[in-house]
Amino acid sequence: MRYADPSANRDLLGNRTLLFIFICAFALVTLLQQILYSKSYIKRGFQFGWQRGDQQANWTGLFNDSDSPTEQNITGSSSRYFEFYKEPLEFNSTRCLELRQEILEVKVLSMVKQSELFERWKSLQICKWAMDTAEASLFKSTLSRCCNAPSFLFTTQKNTPVETNLRYEVESSGLYHIDQEIFKMFPKEMPYYRSQFKKCAVVGNGGILKNSGCGKEINSADFVFRCNLPPISGIYTTDVGEKTDVVTVNPSIIIDRFHKLEKWRRPFFSVLQRYENASVLLPAFYNVRNTLVSFRVKYMLDDFQSRQPVYFFHPQYLSSVSRYWLSLGVRARRISTGLILVTAALELCEEVHLFGFWAFPMNPSGFFITHHYYDNVKPKPGFHAMPSEIFTFLRMHSRGILRVHTGTCNCC
């Protein structure tokens, strides 16, 4: 005879009970981690964009350590938890100094997750950027000693006399002999001098510019640098502006899209006309491959009786700039044209603003963006160190040396 076990259908600390206990424990641990480690809840919290005209709110837990006069707490019991800002905080306010330090304490990009860097950067946007004159002057003095853009940014008759054997930047064993014909292509001396322009805009081509509405602010700058013949007319003008004082041309564009200017030249001439009287800047002495095609741009504009000046980077300047940024941790086979222009702008301008510089697939709010504002073509991997360059710019922004624009603009 078989006897039934009266406890057979009971779940006394059985599988279901253990599973329930495990789920509860996991949830509790997760909650504790959020409370203890997530700065989103205690330190920086949720914030709303100034561009939409909303108030800024910081979840501050049970403390308020800010002494800025622009901050006002909500009345009532909730004032212990929320802190609202009706306008941006001063860059040197106590709260902003803390937020700036949170960027600066990250020495290398690999120290934090990308999402954490974005969060710190978003938090800093409640602060109204202001140039730190002492920091900027110190940084510019180091550039003056190492690179000296006012003397060596372009190849000139003054810094490269006739009969000079000019050494290429990359192919260090190669020399280019400067004869009388080539010498005549160079300007007599640098057309710009130190701190000549009050406010400069260096415009990159990043997808972060799309739908930014920054065109008017870019156009309001005293001097505007652009990289590699980007589109600026039609649907793009609202976001990127159209004012251009210097535009660089990568010779690979001429080689791939315009057949080295060996046949038809008018299509390329038409492209340059979109930049009106902007100076055209080429790396003719980067390597042997670039030289002849760069010279052809000068010949072409002369043939069409264009007034657009054509300048060539001085290879000594390019080498010096590369060594300088390498010493600051930017390691790449070649630094980007954008970084070269930013370096030059810091010497030629009192105040430097960057637009379109972003090297991540998402914007600071976590939304996917295209690589460029006009297409989504990715660069060859391993050639530039764009994330490292952008990270360096964010640190320079935090130090008050230059300003990086990554949001929408409300200028003018």
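For all residues, glycine too, the Cβ spot is worked out from N, Cα and C.
Note that the structure is a prediction, hence the values are computed from the model and not measured.
According to Swiss-Prot, the protein has these features:
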type     : residues                                               : note
TOPO_DOM : 1-16                                                   : topological domain 'Cytoplasmic'
TRANSMEM : 17-37                                                  : transmembrane segment
TOPO_DOM : 38-412                                                 : topological domain 'Lumenal'
CARBOHYD : Asn58                                                  : N-linked glycosylation site
CARBOHYD : Asn64                                                  : N-linked glycosylation site
CARBOHYD : Asn73                                                  : N-linked glycosylation site
CARBOHYD : Asn92                                                  : N-linked glycosylation site
DISULFID : Cys200-Cys349                                          : disulfide bond
DISULFID : Cys214-Cys409                                          : disulfide bond
BINDING  : Asn228, Asn250, Pro251, Ser252, Ser336, Thr337, Gly338 : substrate binding site
CARBOHYD : Asn277                                                 : N-linked glycosylation site
ACT_SITE : His384                                                 : active site, proton donor/acceptor
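Across the residues annotated as binding substrate (Asn228, Asn250, Pro251, Ser252, Ser336, Thr337, Gly338), the widest Cα-Cα separation comes to 16 Å. Sequence-distant contacts of Pro251 (substrate binding site), defined as residues of its own chain at least six apart whose C-beta falls under 8 angstroms from its C-beta, comprise Leu282, Pro283, Ala284, Arg289, Asn290, Val293, Ser294. Taking the Cα of Asn277 (N-linked glycosylation site) as the reference point, the closest of the recorded positions Cys214, Asn228, Ser252, Ser336, Cys409 is Asn228.
Residues within less than 8 Å, Cβ to Cβ, of Cys214 (disulfide bond) and separated from it by at least 6 positions along the same chain comprise Asp239, Val240, Gly241, Phe355, His405, Thr408, Cys409, Cys411. Taking the Cα of Ser252 (substrate binding site) as the reference point, the closest of the recorded positions Asn92, Cys200, Cys349 is Cys200.
The two recorded residues Asn250 (substrate binding site) and Asn92 (N-linked glycosylation site) have their Cα atoms spaced 40 Å from each other. It is Ser336 that, of the recorded positions Asn92, Asn228, Ser252, Ser336, has its Cβ surrounded by the most other Cβ atoms within 10 Å. When Cβ atoms from all protein chains are considered, those within 10 Å of Thr337 (substrate binding site) total 21, not counting its own. Between the CA atoms of Cys349 (disulfide bond) and Gly338 (substrate binding site) there is a gap of 16 Å. For Asn277 (N-linked glycosylation site), the Cβ neighbour count at a 10 Å cut-off comes to 11, with all displayed protein chains included. Gly338 (substrate binding site) has a Cβ environment of 27 other Cβ atoms inside 10 Å. In this structure the C-alpha atoms belonging to Asn228 (substrate binding site) and Asn92 (N-linked glycosylation site) are separated by 36 Å. Look at Ser252 (substrate binding site): DSSP puts it in a helix.
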